[in-house]
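First comes the structure, then the notes that go with it.
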Amino acid sequence: MTKFLPIRKTHPILKIINGSLIDLPSPSNISMWWNFGSLLALCLMIQILTGLFLTMYYTANIELAFFSVNYICRNVNYGWLIRTIHANGASFFFICIYLHIGRGIYYESFNLKYTWFIGVIILFMLMATAFMGYVLPWGQMSFWGATVITNLLSAIPYLGTMLVNWIWGGFAVDNATLTRFYTFHFLLPFIILMLTMIHLLFLHQTGSNNPLGLNSNMDKIPFHPYFTYKDLIGFLILMMLLLMLTLSNPYLLGDPDNFIPANPLVTPIHIQPEWYFLFAYAILRSIPNKLGGVIALVMSILILIILPLTFLKKIQGLQFYPINQFMFWIFVMMVILLTWIGARPVEAPYIITGQLLTILYFLYFILNPLISIYWDKLLFNK
């Protein structure tokens, strides 16, 4: 019987691809919000490929790193393009992953627990990779960003100082630090690639969620051609936006201080990370205690893990809970405002604003399940 089947269904390797991309049973009603998974895969591919070409010319040495990046931009064929695509590609990666997580929170896809937990691990890995990548050009913001962020580990009782010196490979951010950051920046995307495959493996065990939050087993359609073409439109839009930014204003999202070679003797006026970390940075700064700030920083991402545990509703998805919907969009606004606060100097109106926003950010995760219980009582009169 098998000899009458197409090769994609019988070949050991093609069978895996077929089950993931061609004959995968998909809910017929998934919207544009389900496109971001494939867009993230595209971003990862772009980053790995551009990174591979950059690494051929980059030199991980504090004397040469800044000038090797300069050399790439000035003398390597299309080096400026590869570098700016890589830098802006990271921004698009984070835009896509934040929208992907937002979709997961809104439609409560976190009930696919293993998929969600692996996703949170991928987010941590991505943040670590992006942070280490930011250090590599060895400009002022690279150096001071590395110094400030790694220094946060010194807040850990007993082990802190020893841990920081161990990561630095000395008593300050130096050549050893740059070399190891470069090593891990090269290695982590491949670990992210492996985790993505595990993420998909768990997702395909259960099947995707859908905008109604209902069991869609009775109404599935094959992934190809329906969603391959739908994803292709997303690819075209993403590539268009990425190239528009890269070719018209490539350094818009960067920091002007990073055009100055790293100087340990001169501190920039305002040390800040890239825009995609600013909300977490604002949360870190709003706690007046060092250890407390570090815990708040980690918890701002790690809190996503508690979402499946606080699911106490009778219906899946916020689309049936108007008050929760309203709260969700307030929460989105909080994250945007925290991003803005993170870029502002530490002075009068911004400090208290950041602290209030931090309280409201964490309050969402407490109030959301409580309000959903209240709404269930109204709906079901129990």
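Heads up, the Cβ atoms here are built off N, Cα and C, so glycines get one too.
For reference, Swiss-Prot has these:
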| type | residues | note |
| --- | --- | --- |
| BINDING | His86, His185 | heme b b562 binding site |
| BINDING | His100, His199 | heme b b566 binding site |
| BINDING | His204 | ubiquinone binding site |
| TRANSMEM | 36-56 | transmembrane segment |
| TRANSMEM | 80-101 | transmembrane segment |
| TRANSMEM | 116-136 | transmembrane segment |
| TRANSMEM | 181-201 | transmembrane segment |
| TRANSMEM | 229-249 | transmembrane segment |
| TRANSMEM | 291-311 | transmembrane segment |
| TRANSMEM | 323-343 | transmembrane segment |
| TRANSMEM | 350-370 | transmembrane segment |
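For the binding-site residues shown (His86, His100, His199, His204), fewest C-beta neighbours within 10 angstroms: His204. The shortest Cα-Cα distance from His86 (heme b b562 binding site) to any of the binding-site residues (His100, His199, His204) is found for His100. Of the recorded residues, His185 (heme b b562 binding site) and His204 (ubiquinone binding site) place their C-alpha atoms 29 Å from one another. With a cut-off of 8 Å between Cβ atoms, the residues of this chain six or more beyond the transmembrane segment (291-311) that come close are 101, 105, 108, 110-111, 113, 116-117, 120, 123-124, 127, 152-153, 155-157, 279-281, 283-285, 358, 361-362, 365, 368-369. When each of 80-101, 181-201, 229-249, 323-343, 350-370 is checked for Cβ pairs under 8 Å to the transmembrane segment (116-136), 181-201 comes out on top. Residues 32, 35-36, 38-39, 42-43, 46, 81, 84-85, 88-89, 92, 96 of the same chain lie 6 or more positions beyond the ends of the transmembrane segment (229-249) yet place their CB under 8 Å from a CB of it. Of all Cβ atoms in the shown protein chains, 21 besides its own fall within 10 Å of the Cβ of His185 (heme b b562 binding site).
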